[in-house]
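Taken verbatim from TrEMBL:
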- 1-21: signal peptide (SIGNAL)
- 172-195: transmembrane segment (TRANSMEM)
- 232-250: transmembrane segment (TRANSMEM)
- 270-287: transmembrane segment (TRANSMEM)
- 357-388: transmembrane segment (TRANSMEM)
- 400-419: transmembrane segment (TRANSMEM)
- 440-464: transmembrane segment (TRANSMEM)
Amino acid sequence: LTLGFMVSCAFLSMWLSNTSAAAMVMPIVEAVAQQIIAAEAEADALEMSCSNGSVNPALELDENIGECENSSWKEKEKQANGYDNSVDSTVCTIEKENEKEKEQQNLPCAEKGRKSKEDKYSGIFKVMCLCVAYSATIGGLTTITGTSTNLIFAEQFNTRYPACQCINFGSWFILSIPITVIILLLSWVWLQWLFLGFDFKNMFKCGKKKTAREEASAQVIQEEYKKLGPMSCPEIVTLILFILMTLLWFTRDPGFIPGWSSLFPEYKGYATDSTTALVIGLLFFIIPAKTLSKASNGEKTVFGYTPLITWKEFQSCMPWEIAILVGGGFALADGCEVSKLSEWVASKLTPLGSLPLWLVILISCLIVTSVTEVASNPATITIFLPILSPLAEAIHVNPLFILIPATLCTSFAFLLPVANPANAIVFSYGHLTVMDMVKAGLGINIIGVAVVMLAIMTWIVPIFDLYTYPSWAPNISSINSTGL
């Protein structure tokens with residue numbers, strides 16, 4: 001169930017912002033978790049009643065009456081024989097004290113059982129909340145449009161190296177989809193083990209009967225699905241436009257065959273991923289949301305026309321801060337280049353050329369991952385890209401070798417609620433503490449950096465021919481290439 005929510009949220013985050021994906025999925029997760037807790041409580045109560053056995057009050061009353069009669073008869077017999085009752089009273093007192101001691105000993109056990117159940121229920125809430133927050137961030141790594149850091153990297157990279165046309169929607173998807181899948185699976189295992197325990201054999205057992213929690217969660221999901229109703233006409237049109245936009249992104253310049261951008265040779269370089277987004281976005285302002293309605297008002301006939309998106313809706317929903325931040329990043333990069341700050345930073349970073357390449361990449365990833373926990377992701381990538389680009393040029397390494405891992409690690413803001421808007425949304429539901437996020441996020445940060453290091457040293461190398469210093473990058477002949 002948790003893995004299903006993670007995959008769904010990650011898929012949404014590939015095409016929407018991380019914040020929107022978390023805000024959409026979290027209410028459903030909250031409802032499912034509430035039903036799971038209720039089902040678990042009912043199952044535990046039923047199990048406890050069965051283990052303790054049922055008590056028949058009538059039989060218990062008869063036994064008490066019989067015991068009273070026997071005790072009174074024995075007492076009369078002992079008095080007739082001149083027997084002293086003090087011994088029996090002493091024995092009864094000792095037995096009562098022993099019973100009280102046993103009851104007091106059983107109290108801590110009951111308290112421990114109650115506490116373990118509360119911890120179990122709390123663990124379910126924590127796992128399901130964290131899986132939404134982290135999968136929303138992880139899913140955004142997959143596409144250029146999935147998160148603002150990827151967009152800022154693509155725009156600043158293409159601005160600094162206009163001769164390089166290797167970063168596009170398709171190439172980024174190919175390099176990042178294995179990273180996303182691996183991090184998602186390992187994060188799921190980590191969260192399960194940390195809060196609930198991970199029984200691999202029992203979890204994947206074939207033909208096992210559905211538990212109470214599984215039936216409760218399936219019921220909630222089915223009810224939420226029924227509330228959606230059939231797809232409306234605007235939803236169908238939006239789905240068609242979305243599929244069309246994705247196909248145009250992938251087929252613009254796939255690399256192994258000529259893409260549709262080759263149909264315009266006289267405008268080479270003008271057809272980019274932004275072209276597709278703008279054309280599809282323009283269609284939303286043209287296509288009507290419903291069939292045109294006609295109303296006659298005396299001599300005039302009025303046609304009602306409402307587009308899929310109005311400018312007022314677009315103006316209120318558009319993340320203008322991202323556009324302003326990207327523009328500020330361009331200004332910062334241009335200022336660094338004009339003022340020769342980039343060259344000065346490159347000269348100061350020259351000694352790093354003596355370090356192994358993997359160590360240089362690891363250091364940059366760790367620094368970026370640490371900073372992004374206390375600063376916003378767009379601000380972090382905007383600050384570090386103008387520094388890491390001259391670093392790669394100074395040590396005579398393909399800039400993508402350092403920029404791609406740094407860009408991916410900028411999204412690894414998992415430790416604190418304020419590090420990421422998705423974290424803040426999940427934290428606001430009140431099921432998590434800061435220490436819960438720190439413990440879980442530290443493990444996922446380590447997983448993320450390790451997977452990115454594995455990717456940049458293996459399957460990403462042949463995609464961009466990273467071991468060859470490209471012709472589109474400045475050639476600084478005085479700097480020796482770094483060792484591997």
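Even glycines carry a Cβ here, placed using N, Cα and C.
Just so you know, TrEMBL annotations never went through curation; they're auto-generated.
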| request: Would you kindly check 172-195, 270-287, 357-388, 400-419, 440-464 and say which stretch has the most C-beta pairs under 8 angstroms to the transmembrane segment (232-250)? | output: 270-287
| query | Which listed stretch (270-287, 357-388, 400-419, 440-464) has the most C-beta pairs under 8 A with the transmembrane segment (172-195)? | reply | 440-464
| message | If I count Cβ-Cβ pairs under 8 A between the transmembrane segment (400-419) and each of 270-287, 357-388, 440-464, which range comes out on top? | response | 357-388
| query | Any residues 6+ beyond the ends of the transmembrane segment (357-388) with a Cβ under 8 Å from its own? | reply | 147-149, 152-153, 156-157, 322, 325-326, 328-329, 332-333, 336, 341-342, 345, 395, 397, 399, 401-403, 405-407, 409-413, 415-416, 419-420, 445, 448-449, 452-453, 456-457, 482-484
